[in-house]
Ligand code: 0RQ
């Protein structure tokens, strides 16, 4: 092999304060693990010596404890985008130690290429293999690495023996032309392959290889609780009703599903919905549930950016690689989440809300309007462009002290114009063709927890105009929780 073998510490020594790193992968899948940990250790040493040391990091989406977690604990992250979900980075973001700007997943690569975010000093790539010509076989997630590697001044490969070489052929690497020369992305069905199985980089930029055997370590989901199961069943019931009424064509349409416990429950809900024919997915992540759906012949094909599956599920895929080979394509984020393709294919989008308001606006990111939870991820890419855009969540959080249905969301990620259907364990509110008051009635009666329905009805009666808000009372439920720890104590009577 022409490239020198380096230790993670040797690579970390080459990285300077304020350098910008581009990491391969999407979620924990295919993200580097060793250089980032060594970099975190270096940052701690530098800080102990009284010197500043932070790096800027661009990724596909959330990473994992070895990257975001370690760097955040060492307070070594300056700029960071897009999606994240590690508790330590969340704390750094909310205390302003890390400067996180939350972009739509599909937009980061082109924004980088447009030059709006500066250059990339190092691309760090988790890979199954690399040859002397710079031909790289990636791991279980692609993310933004094609653009990051193209832009990077230097490239380091984490050559990971835990990735089966058999993964070669799963990837579909494609970088679109940029305006004014952009053409259509030629995907007309989820299984259309448009790119290369290999990531090709300039070999002269590869400064070395770090040997790794660390698995992605995707966390197991908590057992599905009763609430999640009911949400999953309600989503499946809604899709069946649409299918029966002809609202969804007889061939069915590709599905997208977000991340998290609720998204996982929704997919399990579809396992038993046998009235729906076997379907395809055009999505950004496939979780363990999709592997089961494929084995039960419920899911025929998935175009995705990552296989965000547990190590056990990944081993299972490797052990049965020929079964999965023609069922999965791993694409860059700007293709997996491409608005043009989503609209062309008629993707049915299923994403998760933290809270929704009675008029149909959705907050997916900010707890009580101020604290960043994770980020918008790809939910906006899909929601705005979907054939039907569904948001689901439990009707209450924190043991019932917070209602997820509120008069006005305290932060807007998805406006009423992008949200077609809201689903909780209580039921389904189909908002299409309804004016604001009709939407509010559907959401309150079908989705809000019964404890909160009377106060939400009272709020609706207070207001005037097409969207009858009462601005001085719009955040009363949030303020009551902040002051007294329980939204049940909200008194809209005092605003009469
Ligand atoms: O907090 O863990 O402290 O109890 O939020 O809530 O119900 O476990 O839901 O795991 O599905 O995550 C929106 C965060 C949901 C996720 C979100 C608290 C609740 C709990 C998690 P605890 P659950 P999930 C794909 C597409 C981003 C948008 C998206 C997400 C914690 O799905 O990040 O879909 N989505 N992107 O107690 C205060 C409320 C709350 C609340 C829940 N109203 N107020 N706290 N919680 N509702 C992403 C990618 O592109 C990769």
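Note: Cβ is positioned from N, Cα and C throughout, glycine not excepted.
In sequence order, 26, 61, 105, 256, 258, 304, 305, 306, 333, 336, 337, 377, 378, 381, 382 constitute the residues six or more apart from residue 284 (active site, 5-glutamyl coenzyme A thioester intermediate) in its chain with CB-CB distances below 8 Å. Residues annotated as active site, 5-glutamyl coenzyme A thioester intermediate in TrEMBL: 284.
The number of other CB atoms found within 10 A of the CB of residue 258 (CoA binding site), across every protein chain shown, is 25. The CoA binding site annotation in TrEMBL covers 258, 259, 260, 261, 262, 374, 378, 398.
Residues or ranges marked as domain 'Acetyl-CoA hydrolase/transferase N-terminal' in TrEMBL: 7-210. Here the domain 'Acetyl-CoA hydrolase/transferase N-terminal' (7-210) has a mean pLDDT of 98 out of 100.
If you look up TrEMBL, you'll see 315-459 marked as domain 'Acetyl-CoA hydrolase/transferase C-terminal'.
Remark: secondary structure over the domain 'Acetyl-CoA hydrolase/transferase C-terminal' (315-459) totals 55 helix, 36 strand, 54 coil, with classes taken from DSSP. Take the CB of residue 259 (CoA binding site) and look out to 10 A: across all protein chains shown you find 23 other CB atoms. Mapped onto three states, the DSSP output places residue 259 (CoA binding site) in coil. When the Cα positions of 258, 259, 260, 261, 262, 374, 378, 398 are compared pair by pair, the longest gap among these CoA-binding residues is 26 Å.
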